[in-house]
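Here is the structure we will look at, set down as structure tokens.
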Amino acid sequence: MNNKKLKGKDVITIGIFTAIYFAINFGFMLLGGLHPLMWILMPGFIALVGSIPYMIMVQKVKKTGAVIIMGAIVAIIYYLTGQFSLIIIASLAIASILAEVIRYLSKYDSYKWNSLSYAFFSLGMIGSPAQVWILKDEFISKMLEMGMPVDYVNILKTFINTPMLIVLILTPFVFGLLSCGILKSFLYKNFEARN
């Protein structure tokens, strides 16, 4: 296990890969505006592509705190862009802490455990669409006040049910594991699994 503290170089590396991760995140967030189902599935879509910067970052920075910093930067960017919600912040914080604990327990050096860590980290994005289930009518009213088209909101209401909530929660986790498996097959030489 690497007990060394994070250095300036590590923080820069984390920042670079977090910026790439957030660009992916933002792209899928914009696509979520096209159709409510895209927004509900957004965390899963992010999980499919976001594994690339995440897995490279955790391979380069095998130290405690890297994933928590990545999650915190994403949360800060959300805050600065006006997407602040306690639900998003809470989901990002919980997911980042769980991902970091998994990395810590695996001593930061196992592709399999880093993949599991990423699957949990991917759950952090469920806080955005989960607001519809948690805040319900209050959130729907806020969407309409912010200028979201009535047709979009009406279609969204048809998806607010228990099966879709289960899809929202499972999709990022499953897609996170799937994307890490695909990434490993493409980049096996760079990410050799250590059991």
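Positions of Cβ are set from backbone N, Cα and C atoms, glycine also.
Since the structure is predicted, the reported quantities are computational estimates derived from the model, not experimental observations.
Straight from TrEMBL, the features:
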- 12-31: transmembrane segment (TRANSMEM)
- 37-57: transmembrane segment (TRANSMEM)
- 64-80: transmembrane segment (TRANSMEM)
- 86-105: transmembrane segment (TRANSMEM)
- 117-135: transmembrane segment (TRANSMEM)
- 164-187: transmembrane segment (TRANSMEM)
Comparing 12-31, 64-80, 86-105, 117-135, 164-187 for Cβ pairs under 8 Å with the transmembrane segment (37-57), the winner is 164-187
Outside the transmembrane segment (64-80), at least 6 residues beyond either end, the same-chain residues with a Cβ under 8 Å of its Cβ set are 3, 6, 10-11, 14-15, 17-18, 21-22, 25, 54, 57-58, 88-89, 92-93, 95-97, 99-100, 103-104, 117, 121, 124
Near the transmembrane segment (86-105) in space but 6 or more residues beyond its ends, with Cβ under 8 Å, are 1, 58, 64-68, 70-72, 74-75, 78-79, 113-114, 116-118, 120-128, 130-131, 134-135
Spatial neighbours of the transmembrane segment (12-31) not adjacent in sequence (6+ beyond its ends, CB under 8 Å) are 6, 38, 42, 45-46, 49-50, 52-54, 56-57, 60-61, 66, 69-70, 73-74, 77, 125, 128
Outside the transmembrane segment (117-135), at least 6 residues beyond either end, the same-chain residues with a Cβ under 8 Å of its Cβ set are 25, 29, 32, 39-40, 42-44, 46-47, 50-51, 54-55, 58, 67, 70-71, 74, 83, 85, 87-96, 98-100, 102-103, 106, 142, 156, 160, 165, 168-169, 172-177, 179-180
